[in-house]
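*Asks:* This is the feature table in TrEMBL:
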type     : residues : note
COMPBIAS : 12-29    : compositional bias 'Polar residues'
DOMAIN   : 134-251  : domain 'Yip1'
REGION   : 1-43     : region 'Disordered'
TRANSMEM : 141-162  : transmembrane segment
TRANSMEM : 174-195  : transmembrane segment
TRANSMEM : 235-252  : transmembrane segment
Amino acid sequence: MAKQFTVPPVVFSSSNGVNPAAGNISQRRAPSAPFQPSRPPTSSSALPFMSFDMGSAASASGSLGGAISASTASGSASFEDEEPLLDELGIHPDQIWHKTKSILNPFRLNPTAHRDADLSGPIFLYLSLCLFQLLSGKIQFGVILGWIVVSSIFLYIVFNMLAGRNGNLDLHRCTSVVGYCLLPVVILSAASLFIPQGTSVARYVAAGVFVVWATRACTNLMVALADGGEEHRGLIAYACFLIYTLFSLLVIF
C-alpha cells in the first residue's frame, strides 16, 4: 500500500488587499547599472592613456640618437679602413700597366715585374683580342680561350721537361707570361683592321714581325723567371714561336 505524504499549502502574504502576484512584482528589485571597471584618477591630460613623462622621453631619444651617431661613425671609420674593391678582387691596375709596358719594349724587358704572376692582365688582353677579331667579323671567343689554355699547358710541360729537376716553373706563372706576351698579337689584330684584305704580303710581313716580337718577349721572361731554361733557350724559343704563330694565323686569315 502506497504511503501518502501531506504537502503544506503555499500561502502568499498580502497586505492591504493587494493581489499577491502584483505584490510579488512590486517587491522585485530595479535593474542595476552594468559593471564598469574603476578608472585611475585622471591626470592633467585629457587622454589618460596618452600621458607620459616628457623628460624621460627626451632623455631616451637623446640616448638613442647618440647610439645611432656612434654606430654610424664607427661604421664610416671601418668602411674607410677597408681596401678598395679592385685590391680585394686581386686586380691591380698599376701592376697590370707596369707589366704591359715592359712587353712593349722587347729589347729591355723587366722580368722583376712579372715575378708576381696574375691573370687579370691576360684576361684583359684576351678580351681585347676577341673584340678586335669581332670587329673584323670573326667570332672566336671560345677558340682563343682554348688556345691560350692549351698553349700554357704545352709550354709548361716542354719547359719542365727540358729543365729537368731544376725546373721550377708553375702553371700559373706560365699562363701569366703567355697571356701578357699576347700584346703584340693584340696590336696585330688592331692593325689588321686598317690593312686591306687584298695586300696579303703586307699582312704576312706584319704578322711575322709581331710573332718574332712576342716570341722574344716570352722566351726572355721564361728563362729569367724559372731556373734551368738558359741552356735550352733555342728550344723554348721554338715552342713560343709555334704558339704565337697559331694566334697570328687567326688574325690574318
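Heads up, the Cβ atoms here are built off N, Cα and C, so glycines get one too.
Computed from a predicted structure; not experimentally measured.
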*Asks:* By a Cβ-Cβ criterion of under 8 Å, what residues six or more beyond either terminus of the transmembrane segment (174-195) are in contact with it?
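*Replies:* 99-100, 103-104, 114, 117-119, 121-123, 125-126, 128-129, 132-133, 135-136, 148-149, 151-152, 155-156, 159, 202-203, 206-207, 210-211, 213-214, 217-218, 221-222, 225, 240, 243-244, 247-248, 251-252.
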*Asks:* Cβ under 8 Å, sequence separation of at least 6 from the ends of the transmembrane segment (235-252): give me the contacting residues as numbers and ranges.
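*Replies:* That would be 129, 133, 138, 140, 143-144, 147, 151, 154-155, 158-159, 162, 178, 181-182, 184-185, 188-189, 192, 200, 203-204, 207, 210-211, 214-216, 218-219, 222-223, 229.
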*Asks:* Mean pLDDT for the domain 'Yip1' (134-251), as a whole number?
*Replies:* 92
*Asks:* For the domain 'Yip1' (134-251), what does DSSP give as the number of helix, strand and coil residues?
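*Replies:* DSSP classes over the domain 'Yip1' (134-251) add up to 93 helix, 0 strand, 25 coil.
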